[in-house]
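Encoded as structure tokens, the structure appears first; notes follow it.
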Amino acid sequence: MAALVNRRTVISGFILLALVFPFLTKNSYVLHILTLAFIWMIAVYGLNLLAGYTGYLSLAHAGFFAIGAYSLGILTVKVGMNYWLAFLSSLIITCILGLLIGLIALRTKEHFFAIYTLCVGYIIYLVIDKWDGLTGGVRGLIGIPVPAGVGPLSFEEPQSQYYLILFFLLLTVLMVYRIVHSLSGRTFIAIRNSEELAKTLGIATMKNKLMVFVLSTLFAGLAGVLYASFIRFIGPDIGYITITFDLLMYLLVGGIGTLAGPIVGTILIVWVSQSLQFLQDFRMLIFGPLLTLLIIFYPRGIIGAFYEWKIKRQEKKRMRALIKKHKDAEFSDANSVPDKKVKEG
Amino acid sequence: MFLETKALTKQFGGLIAVNDVSFSLEKGKINAIIGPNGAGKSTFFNLVSGSHSPTSGQVIFKDQNITKLPPNKIAELGIARTFQTTNLFEQSTVLDNVIVGHRLRTNSTLLDAVLRTKRFKREESKCKEKAIEVLDFVGLTAVSDQLASNITQEEKKRVAFALALATDPEVVFLDEPAAGINPDETEGLAELMKKMVDRGITVCLIEHKMQMIMKLADKIMVLNYGEKIAEGTPEEIMNNQMVIEAYLGGSASA
């Protein structure tokens, strides 16, 4: 119970910090970077549901991120659709494409799935890059509008955009939390553990995998949509493989298959890479070895390592209590049958 | 007929793993399938549970042809199975591992999970109660809140039983349940199987431990090179010349 209260306070503390953060800093650059980090987190949560909880490592996530962003860009700039209608349509488009791709991709497994989705991601990038008429090709799309005001709220200012994106991030975390802690979440974890076993337990694995796949593209698409109206310019680069691997790195460092992993990993990597900005591309010399070491020693990332430590500590406590109990029992035994203790000793 | 196979055959390329096997389970009894290594016992299980589809022949369960059904549909009909090794989620508790076993009897969707509907709450507690019930049945209440990585081999076998039982089955197929555990523990598992039969669950198992089978089973089928060579009560099997040859080798030709 104490742990629960503790966790609640920690979570509310973080939310409070996120809420007051724009008042703590006058540096608009920091706010910009943090807002971007929030957007990445949403996409990483999508990746986490699929790769972390269901065991299917998709490398097409930058592609779906780009599909979301471009859908919004095209619908607002070229079609001139109402912002929130375009917002919703973009998410639906991403989900439909996710469904179609998932239907084929999920026929493969493990590394074949990873390679297949890597190719899908690259094809999405190529389509965006080459389809000049629709996407503007390498020139990209400019002049994407900021989110339209809702009632008295307007999202012209960076601060208000920050709050809007924070809202969507919290919504994402809440959704993922509820899904993971439900029968549906248990079903996904069962598929990750052993698909064969899951099937014999009566789980329709394909249906469930498809559901997670679409859900995970939905979060990637949501991140893309928010990105497009936050940066207001998009180029084909946002669908490139490097973005996928950035997302994957955030997830791995934070902790794949953990709830807090995406937040911790993203904040940490974004912060470190900002502070190492002065090293330019040489910072990869620091990143590379650190990442390798982390994966070797803590395959479930920082959060995974933390949980492991906690479990070990509890285990030790339990063992100590057990030994103590045993000793007490032995002591009372010794009182009644004095020579038995000698024998056992 | 409760569950029967008709001329069931499975061919892997040039190898006929199961050849023309017709067998019917005795309802409410302990049925056993024995045979030397590579006799096709596990393949037979895979055919019945839908993991493989047969080359020819049929599987009939309560007058319904289930030959072509996928494993999850077969599980829904009340046919459960265990594997020789059960992959448990080691970082989670035994109870958490078993809860998902009752998932197939629930309908809540992602939307229920996100919105925390009434159905969600009802079904969550239903699955949890079921898990507690089956863990009690297999005698694991004491370790239910321990991590799956910390329990013994024998306890893992019992968790596999619990998972199968959580699906509310009418018949359970057990693939070498006593492999890799000591004689005392084997005795305990045999007791557990009897207890399952007392509950009205039909049991069918593959086993190598002859002593255990002869004491436990009501009906035995013997497979050799994919073919059924004998079927009957333990006494009949023990005195069957074909079986003795298959196990001990024939006179000159072997």
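The backbone N, Cα and C atoms fix where each Cβ goes, glycine too.
What TrEMBL lists as transmembrane segment is A:7-24 (among others).
The transmembrane segment annotation in TrEMBL covers A:30-50 (among others).
The transmembrane segment feature in TrEMBL is assigned to A:57-77 (among others).
Within its own chain, the transmembrane segment (A:83-105) has Cβ neighbours under 8 Å at 58, 60, 64, 67-68, 71-72, 75-76, 113, 116-117, 120, 145, 147-148, 150, 209-210, 213-214, 216-218, 220-222, 224-225, 229, counting only residues six or more beyond its boundaries. What TrEMBL lists as transmembrane segment is A:83-105 (among others).
Taken from TrEMBL, the feature transmembrane segment applies to A:112-128 (among others). Sequence-remote contacts of a segment are chain residues at least 6 beyond its ends whose Cβ falls under 8 Å from one of its Cβ atoms, and for the transmembrane segment (A:112-128) they are 56-64, 66-67, 70, 101, 105-106, 135, 236, 239-241, 244.
Sequence-distant contacts of the transmembrane segment (A:134-155) (same chain, at least 6 residues past either end, Cβ-Cβ under 8 Å): 70, 72-74, 76-77, 82-84, 87, 127-128, 161, 164, 228-236. Per TrEMBL, the feature transmembrane segment maps to A:134-155 (among others).
Annotation source TrEMBL lists transmembrane segment at A:162-180 (among others).
Among the features that TrEMBL reports, transmembrane segment is placed at A:210-235 (among others).
The annotation transmembrane segment is assigned in TrEMBL to A:247-272 (among others).
The annotation transmembrane segment is assigned in TrEMBL to A:284-309 (among others).
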For the transmembrane segment (A:30-50), which recorded stretch in the set A:7-24, A:210-235, A:284-309 gives the largest number of Cβ pairs separated by under 8 Å?
A:210-235
Pairs 6 or more apart in sequence, C-beta under 8 angstroms, 3 or more of them: is that satisfied by the transmembrane segment (A:57-77) and the transmembrane segment (A:284-309)?
no
What parts of the chain pack near the transmembrane segment (A:247-272), using Cβ distances under 8 Å and only residues at least 6 beyond its ends?
33, 36-37, 40-41, 43-45, 47-48, 51-53, 57, 59, 61-62, 65, 173, 176-177, 180, 192, 287, 291, 294-295, 300-305, 307
